[in-house]
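Trainee: Below are the structure tokens for one structure; questions will follow.
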Amino acid sequence: MKMLLIHSDYLEFEAKEKTKIAEETENLKGKLDECLACFIAVEREDENNPEGTAIGAVEEIEKVANQLKVNNIVVYPYAHLSSDLSSPETAVKVLKDIESILKERGYNVLRAPFGWYKAFKISCKGHPLSELSRKIVAKEEKKEEGEESKFYLLNPETEEIIELNENNINIIKDEELLALAKHELGIREHKEHDEPPHVKFIKEKDICSYEEASDPGHFRWYPKGKLMRDLLADYVYNLVVNMGAMPVETPIMYDLGNPAIREHADKFGERQYRFRQGNKELMLRFAACFGQFMMKKDMYLLPRYLPLKLYELSTYSFRYEQRGELVGLKRLRCFTMPDMHTVCLNLEQAMEEFEKQFWECLKTGDDLNLSYSVIFRFTKDFFDEHRDWFFKIAKEYKNKYGKDVILEILPKRKHYWVGKVDIAVIDSLGRPIENPTVQIDVESAKRFDIKVHTNEGEIYPIILHCSPTGSIERVLCGLLEKAAIEAEKGNAPMLPVWLSPIQVRVIPVAERHYDYALKVAEKLRENNIRADFDDREESVSKKIRNAGKEWVPYVVVIGDEEMESDKLTVTIREKSTLKKPYKEKMTLDELIERIKKETANYPYRPLPLPIRCSLQPKFH
């Protein structure tokens, strides 16, 4: 903010004509004698903390007013003091806040309207302190000191909860849950600073890599990686549609001049992409909340529609992570977020849906063969009131998965939710990759004016936020980290067969086997199995090694014996170790049947690469 302060005999103004950004007001003229005239330009950087900027401006105005022994203040918007102005909405808010705070402190304040062409007269007193300029930096608001969250391990059977701390944390016997608890309590291990293995894998396996011509944390996806990402998106789509969700699509950018959009965005702090276009300040979304909430606001919602679920694959979502925090697919600035929001009539319905969606989130771990660790987070009031409900869920979870859960209790609500569950995969370095989540939002319906029309009148509903898998990139991250853990145990690392870009590689021993090998690969493709045929001029042993490096689940070697017997020699990666491949003899039909059984109920897409390996291009 820039300010010009003039100690004046008087200031008189009259608003003559509106501009496009004029505020609506009836105060079109005014005069104040013996005043401090404050000409103010609100700047773009003030948008990060409008309240703090207003407080900083008031403190500076007050200092000068006290020096001059002045009680009359004119707040006069004056854009000509800066070439880097804030949005009109922010400027009006800051100017009104300055007026309001000054009045609260006992000053007589006249504020000229924003966005009008105005005529004004001023008489400067002409003494050494009569003309002063100031640059205002936002005053940091003092954070409320309060009780911190507490973390507990609980025994669902006895309903005993044990508060966790650095001294007793090793009572947790499950290594993955222990790693999650250490992370939550801020207990860091030395190996956490190492680079996770998936960072190497994503490049080695031709999945994706950083795009140097873009902002850090943005990836380019190669055909194999794009295929994997699309398959995961198809998987989530099928899951949520079966849950009763209606897919929608909304914009990726939003106008921060909308008060509800700004307030919701500000809940997430500074880690956002914001930019200006003309007089508008816009932001790139970090989730699908904004568009879905605006859509729900315009719907005429009736109780019989509820619970109402809208789903969007938020491609792309943006989060401006600090550069030093960017780590492969775990922390990036552009990601793909499956995002479902459920409108619930009341808290009772919301809790029922929360429970159902929690189990659907856990199902994704079963389907993806990922080991999940669970932490529930509740405000103290909510937990105290619904303790029995929570322990019922925890007990059912323990009975099904044999695992305990961690519980975080917040002394009071500081977010839009009163309860949530976060589900994490633990990477090979013992760090959590938080993926699925369900949250009970008690705030956003009112903020966005989302209403349900009942016989008794309009009510604000409860909204659940749910991402059944977490971001697609983090799912891949978790799968690759799991593969690294398997490799540490001596097992052959691999991805699920349905998600593997190449499911079968056919390798001919000699040129005379090429035609037969090609027919095998073609028949596999005809049966919706992603197969290719290695016709490169390399030794058979090197071709087999290459297939191993690419984690191909099934490798078929075709020689004279295979052609004569119609029995294929198949290396099955799932049963192999790093030192010893596992091989079986089977017919082509048996191989097809085996793969179809393994991939049943999972989405399929064809391999977007030539069937001949010699024609498949290299991307780096």
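A Cβ is built for glycine as well, from the same backbone N, Cα and C atoms used for every other residue.
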Trainee: With His341, His465 listed by Swiss-Prot as binding Zn(2+), identify the candidate in Cys289, Cys361, Cys477 belonging to that site.
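Mentor: Given His341, His465 bind Zn(2+) in Swiss-Prot, the matching entry from Cys289, Cys361, Cys477 is Cys289.
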Trainee: Under the DSSP assignment, what numbers of helix, strand and coil residues are found in the region 'Editing domain' (1-141)?
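Mentor: For the region 'Editing domain' (1-141), the helix, strand and coil counts are 44 helix, 56 strand, 41 coil.
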Trainee: Reduced to three states, what secondary structure does DSSP give His465 (Zn(2+) binding site)?
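Mentor: In three-state terms, His465 (Zn(2+) binding site) counts as strand.
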Trainee: Same chain, not part of Cys289, His341, His465: whose C-beta falls within 8 angstroms of the C-beta centre of the Zn(2+) site? Give them in sequence order.
Mentor: Ala287, Ala288, Gln292, Phe293, Asp339, Met340, Gln439, Asp441, Ser444, Ile463, Leu464, Cys466
Trainee: If you count the C-beta atoms lying within 10 Å of each candidate's C-beta, which of the binding-site residues His341, His465 ends up with the smallest number?
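Mentor: Taking His341, His465 as the binding-site residues, the minimal 10 Å Cβ count falls on His465.
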Trainee: Please report the DSSP secondary structure of Cys289 (Zn(2+) binding site), reduced to three states.
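Mentor: For Cys289 (Zn(2+) binding site) - judged by DSSP and reduced to three states - the answer is helix.
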Trainee: With every protein chain in view, what's the tally of Cβ atoms within 10 Å of the Cβ of Cys289 (Zn(2+) binding site), excluding that atom itself?
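Mentor: Excluding its own Cβ, the number within 10 Å is 26.
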Trainee: Suppose you look only at the region 'Catalytic' (197-496); what would the mean pLDDT be?
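Mentor: That stretch averages a pLDDT of 94.
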